[in-house]
């Protein structure tokens, strides 16, 4: 036991003695503790004493337990018992039947196929079951290959079942679609495939919650990084993918509408034109990003990464959203070297990424050059890429752009490329010694115009009739290949019909996909390049009519919801509309005559007032009635005009007809304020003005 308050101090004669500073002990007793201090045991010392003394039973003289120790059971408590059998004690805590699991798997697949549904919480869901195949299905091996023919003495050697035929056509097709390349490839064609750039890409993918894939509207499928999209869907399924169709001002509006409709089945797609002063799609993209930030309300901010091919306009889109130059921009590829963080709003950050090029066996050196991956000035022989360019561009556009003479059938092959480059070099004055045309310099000029959009070109949307030479289809020169292509036309039609059916079926299952609250008037896009009549046409088909009907239905639904909420507001709005419809709107000519008559009456009244200035008598009743009527008419007209002027609805106008873009409208003289008269009309100048002052 510890020492209490009243223990014997005589047993310890040195108790209470304190050493002095010199080290000698004095006989005087001094108090160790300050008066008022608690000298009882604290909690720590009390628990230690309890640990030492506890754990033992209290017994009497005979050894019988009087008080049991802690955690000690008596004989009565230790009687044998029996637990009632129940599955809840011995079964699994989380179980699911196979039918429920199959239902979950099918529902999960349908939701995964829908790019417009977002899974907010996934911590307690068995997401691995969605990727597994159904284990109930047994492999039908015995039906395809019997056991006796596979194993045993009657086993047969397996050979591929091929149709017997000649391999000439197959070899020609292989040369067309997969041309042989030299083993030693120039390093300039490997731009965008280095480990450093792909390291920057994976930094952006890991850091971003929303990934925006920027596509070129002239060739969306050609500028899509398919391996990156598949990687995001398999490994990063929780990240959102959005397609942005940039450079829509370089293609007709019907092409943009088709591509948006086609790409919207796989991911939300937005048409965009990057320009700080005159952009298209900026509000729609910001609205979409705000919706994603609302979905991730548990996070302080979200990051949006921009990926895509070089020279597709990733940095230009960021500058457009910020409305100022925050990223370096150039019309040549490879300007962005490293990733860059930009703050768009308090909760939305943007990440700029350098352009990447996926390694694909189908892309040749010419394809990489025509996609704008390589800088043209660094090419050693740019003239070798011109024949492929001539196959993709209509001859009329080259004639119009460079002022060439018309040739029936256009130019094909190396001979046509030589003729075109020679004519362009002579016209532009690019000559070598002796007056020979510099074809390489002319080829660089044509390729630069091609990349910057001065030469009109676009790839026709899939599953639709192609527009002549604009479609990205390689035309053959030999007769054998032409015959082979004619045979394949029927197969291509069948595949197109199959694709159309798949697209329609997918559209029926998923519905017409569009993000609610994000609408784009694609018909109002101002195209910079002028296309010919058959290229600038716009198809009106059943599908587009269905889209318009769906838009009307969505608008009607929104109106119904608004009606339920604000009935009084709409009634007042209807009254305002009825008031706005005035006599001037219905009969403008008669209204003009009435206004003129009113003006004459007002002038007469003014003259009468000027004549009667000296006589300040009360005017007659007729004059009062006239003035009141005129004043009331003027008040009504001013009220109507005020309503029209204060409305926030602006009429659509073309930006390039009003603004002085590149000094095109510098000769046009428009006064700053036509309503006001000039200073010379109001005040006299010269000596007369000085005299009056």
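Cβ atoms are placed via backbone N, Cα and C, with glycine included.
Within the listed segments 144-164, 165-185, 186-206, Swiss-Prot records region 'Disordered' for the stretch 144-164. The GTP site is defined by 308, 309, 310, 311, 312, 313, 314, 315, 352, 353, 354, 355, 356, and by the 8 Å test on Cβ atoms against their centroid, the other residues of the chain that qualify are 214, 306, 307, 333, 336. A simple way to gauge crowding: the CB of residue 312 (GTP binding site) has 25 other CB atoms within 10 angstroms, across all the protein chains here. Each of the binding-site residues 310, 314, 354, 356 was assessed for Cβ neighbours inside 10 Å, and the highest tally belongs to 314. Largest CA to CA distance in the GTP binding set (308, 309, 310, 311, 312, 313, 314, 315, 352, 353, 354, 355, 356): 14 Å, whole number.
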